[in-house]
Amino acid sequence: MHIFDELKERGLIFQTTDEEALRKALEEGQVSYYTGYDPTADSLHLGHLVAILTSRRLQLAGHKPYALVGGATGLIGDPSFKDAERSLQTKDTVDGWVKSIQGQLSRFLDFENGENKAVMVNNYDWFGSISFIDFLRDIGKYFTVNYMMSKESVKKRIETGISYTEFAYQIMQGYDFFVLNQDHNVTLQIGGSDQWGNMTAGTELLRRKADKTGHVITVPLITDATGKKFGKSEGNAVWLNPEKTSPYEMYQFWMNVMDADAIRFLKIFTFLSLDEIEDIRKQFEAAPHERLAQKVLAREVVTLVHGEEAYKEALNITEQLFAGNIKNLSVKELKQGLRGVPNYQVQADENNNIVELLVSSGIVNSKRQAREDVQNGAIYVNGDRIQDLDYVLSDADKLENELTVIRRGKKKYFVLTY
C-alpha cells in the first residue's frame with residue numbers, strides 16, 4: 001500500500017496542501033520532511049505521539065525525517081488556539097527542556113542507520129544569530145499583516161489581545177521551513193491540525209522568497225468518542241517521561257480506553273498492520289468483555305514508549321494488585337502501582353493498633369467505623385485480611401522497612417510510610 005494511502009487508512013491525515021502533488025512526490029523518491037516540537041515542558045506527552053509516529057511511518061517507508069526542537073520558538077510561545085498568552089520561560093529552562101525532548105525523540109526515530117537516518121535540528125541555531133533588522137528585511141517583508149490576521153489561530157485571539165511576540169510566531173515557524181528547505185532540501189512539514197496556519201506560513205515564504213513549492217500534512221487532534229480531548233488522565237497529561245507518568249499509569253490509561261475508540265487508536269498509535277488490526281477487531285467485537293483491543297493497545301504503546309521490560313512490569317503490577325497479592329511486588333513496583341493513592345507518614349511514637357491507625361491516618365473517620373470495618377473483614381494489611389481488633393502493626397508489616405499497604409474493601413488503597 002502507498003504510504004499516503006496507509007496514513008489515510010489509519011486516520012492520520014486531517015489536511016494537506018496539494019494531495020496530488022504530495023502523493024506524486026512521495027512516489028518519485030525520497031522526501032525530506034520535518035516535524036517541530038516546541039519545548040513547553042520537560043517532556044513530550046501522548047498528544048505529541050500522533051505526529052511522532054506519523055514521522056516514523058514515513059521514515060520506515062524510506063523518507064528522511066528532520067526533528068526540529070524549538071529552542072528559539074519555545075522562548076516565544078505559540079498562540080495557536082490558546083485562550084491566553086503563554087508565560088515566557090528563561091533560556092536555561094528552555095535549553096533543559098530541549099535536551100529532554102531530544103532524548104525522547106530518539107526512542108521513536110532512527111538517528112543512526114541508513115541514508116534516511118533522522119537528523120535533529122534546533123531553530124535557535126539560526127534565530128540566535130539573526131538581527132532584528134535582518135529579520136524584518138529578509139523575512140518580515142514577505143508577510144502582509146492582512147495575511148497574518150487571516151489565520152484562524154490569530155483571529156481567535158484578536159478580541160482578547162495578542163502580543164506582537166506571539167503574533168510574530170507564525171513568521172518564525174515559516175522561516176524554519178525556509179531554512180530547512182535551503183539547507184537540507186526539506187519539502188514537507190508534518191504537524192497537528194492546530195498548526196495549519198503556522199505551517200502554511202512556511203509554504204507561503206518558500207513560494208514568495210524562493211519560488212519553491214512546500215507541502216504540509218496535518219494530523220488530527222485526537223478526541224475520544226465523547227469528544228473529550230485525548231491524552232489526559234484525571235485531567236493530567238499522560239507524559240512520555242516515566243518519572244512524570246509511570247509505565248503502569250500509562251498501561252492503565254490504555255486499558256481504560258472506551259470500546260468505541262479502541263480499534264481507531266490501534267490504527268493511530270501502533271505499528272500493527274491493518275490486516276492484524278482487522279483480525280483484532282473481529283475478535284474484539286465477538287467478545288468485547290475480554291477487552292482484547294485495549295490489552296493489545298496497552299501492550300503495544302507501553303512497549304513502544306518504555307520498552308518490553310517496563311510493559312511486563314506494568315502488566316505484573318496490574319495482575320498482582322487485582323489479585324491483592326501485595327507481597328508479590330517489590331516496594332519499587334508498589335510505589336509505581338500505588339502512585340497517587342492517599343499516603344500517611346506514621347510517627348515513631350504512634351500507636352500502631354489497627355483501629356487507632358485507621359483513624360489517625362484518615363482511612364476512616366471514627367473508631368466505631370474502624371471497628372466495624374475490621375470485624376466485617378473489609379481491612380487488609382499487605383494483602384492479608386485483618387479481623388482482630390487488637391492487631392498491632394509490627395516491623396514484619398513494613399515492606400522492605402519502608403511502607404505498609406492498607407486496603408479497605410475491594411479497591412480503596414492507602415499507603416503508610418515510616
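Think of each number as a place in line: the chain as shown, counted from 1.
Here the Cβ of each residue, glycine as well, is placed from N, Cα and C on the backbone.
Here is what Swiss-Prot records for this protein:
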- Tyr34, Tyr169, Gln173: L-tyrosine binding site (BINDING)
- 39-48: motif ''HIGH' region' (MOTIF)
- 229-233: motif ''KMSKS' region' (MOTIF)
- Lys232: ATP binding site (BINDING)
- 352-418: domain 'S4 RNA-binding' (DOMAIN)
- Message: As a quick check of your reading of DSSP, tell me how many residues in the domain 'S4 RNA-binding' (352-418) are helical, how many are strand and how many are coil.
- Response: 19 helix, 20 strand, 28 coil
- Query: In sequence order, what residues of the same chain, 6+ apart, have a Cβ less than 8 Å from the Cβ of Tyr34 (L-tyrosine binding site)?
  - Reply: Pro65, Tyr66, Ala67, Leu68, Val121, Asp176, Phe177, Leu180, Val186, Leu188, Gln189, Ile190
- Task: Six or more residues out from either end of the motif ''HIGH' region' (39-48), which same-chain residues have a Cβ under 8 Å from its Cβ atoms?
- Result: 69-71, 74, 86, 94, 96-98, 100-101, 104-105, 192, 221-222, 230-231, 237-241, 244-245, 253
- Message: DSSP-wise, what's the residue breakdown of the motif ''HIGH' region' (39-48) into helix, strand and coil?
- Response: 3 helix, 1 strand, 6 coil
- Task: Could you measure the widest C-alpha to C-alpha distance across Tyr34, Tyr169, Gln173, the residues recorded as binding L-tyrosine, and give it to a whole number of angstrom?
- Result: 18
- Tally every other Cβ atom lying within 10 Å of the Cβ atom of Gln173 (L-tyrosine binding site). 28
